[in-house]
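These features come from Swiss-Prot:
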BINDING   114, 118, 124  Zn(2+) binding site
């Protein structure tokens with residue numbers, strides 16, 4: 001299996017308690033499972049202001065969110081290893097981890113896995129899609145040594 005190349009951008013004023021690029025790569029690898037290519041993705045860690053702006057601009061939601069996924073769409077005749085960008089809001093991830101009583105790094109891992117699956121084309125708009133995506137997320141998180149990220153909801 002080939003490693004996902006991670007371009008980590010930290011655009012948060014507070015860079016403490018963030019996962020390392022190696023951790024992010026491990027979590028993304030588990031979700032993407034690249035066999036024949038070496039995919040590349042950007043992970044941008046931002047503050048609430050940027051997350052809010054992007055969420056409003058691209059999803060019409062007037063609030064910050066935990067993770068936004070921007071899949072890279074390339075013309076069929078061009079082969080590039082880019083799969084897309086993840087934008088993750090530090091404050092939202094920290095707040096959710098506290099509210100859900102989860103270890104912070106487990107929640108960071110879940111956001112990387114969740115966002116990576118979106119980059120691969122998975123979605124959770126329809127119930128059947130949501131069930132499949134949650135099943136995959138749980139399987140991947142367990143393989144990484146974390147607990148089921150949806151345990152509080154089940």
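The backbone N, Cα and C atoms fix where each Cβ goes, and this holds for glycine too.
Taking the mean position of the Cβ atoms of 114, 118, 124 as the Zn(2+) site, the remaining residues of that chain whose Cβ falls within 8 Å of it are 67, 69, 115, 117, 122, 123, 133, 137. Ranking the binding-site residues 114, 118, 124 by the number of CB atoms within 10 A of their own CB puts 114 at the top.
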